[in-house]
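These come from TrEMBL:
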- 53-195: domain 'EXPERA' (DOMAIN)
- 25-44: transmembrane segment (TRANSMEM)
- 56-82: transmembrane segment (TRANSMEM)
- 112-133: transmembrane segment (TRANSMEM)
- 145-164: transmembrane segment (TRANSMEM)
- 176-196: transmembrane segment (TRANSMEM)
Amino acid sequence: MGHPYAPAELQLPGYVPLQLSQSQILAPYLGTSLLLVLAIWLVSGRCRGLSKIDRLLMCWWAFTGLTHIVIEGTFVFAPGFFRKENPNYFDELWKEYSKGDSRYVARDTATLTVEAITAVLEGPASLLAVYAIASHKSYSHILQFTVCLGQLYGCLVYFITAYLDGFNFWVSPFYFWAYFIGANSFWVWIPTLVAMRSWKKICAAFRAEKVKKTK
């Protein structure tokens with residue numbers, strides 16, 4: 001049986017077609033994400049001394065951390081997801097996303113490596129950032145800055161390798177803009193803003209310590 005992905009000559013032996021519609025896949029993901037963000041926002045309101053930006057960052061780090069671990073982790077550790085006769089929700093999600101980047105269903109080694117690092121290292125580190133912000137830990141901004149650099153590096157590798165490999169991994173312009181560009185853009189501009197903020201906080205702390213030593 002054929003597959004719906006690009007390029008057409010992509011070989012996917014044993015491919016099982018999608019059983020869920022796009023709305024059946026996206027609605028639970030978006031709904032769960034919104035509930036998670038709302039829950040973290042409400043819980044963060046009970047933490048003392050947090051600004052609204054800190055609370056928003058807790059929401060972001062919780063969302064991105066669980067996305068890395070749960071969503072991307074299932075891709076990394078489920079090599080035959082497109083061949084399952086009785087697929088679970090995550091198998092269907094990755095078959096749907098592959099319409100925007102067929103390197104996932106093809107198990108491209110560069111993509112798999114980036115996702116593995118993201119799921120195993122950046123995911124837990126993101127959740128640690130939630131705790132660090134809530135607890136006012138001294139390492140909070142260093143941790144956030146480091147994870148942001150990792151996310152930005154992963155995005156660079158992701159986009160550059162797509163370009164070098166032919167830039168022809170999406171079914172249509174819709175999937176290119178909605179999935180390949182749109183879905184991934186959040187991990188470009190948000191980490192950039194967070195890294196800039198943390199960099200300023202780290203520099204300010206060093207300046208304050210320098211002034212303190214000169215007195």
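Using the three backbone atoms N, Cα and C, a Cβ is placed for every residue, glycine included.
Nobody curates TrEMBL annotations by hand; they come from automatic prediction.
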* To do: Residue list, the transmembrane segment (176-196) vs rest of chain: Cβ under 8 Å, 6 or more residues beyond ends.
  => 57, 60, 64, 97, 99-101, 144-145, 147-149, 151-152, 154-155, 158-159, 162, 169-170
* **Within the domain 'EXPERA' (53-195), residues counted as helix, strand or coil by DSSP** => 110 helix, 0 strand, 33 coil
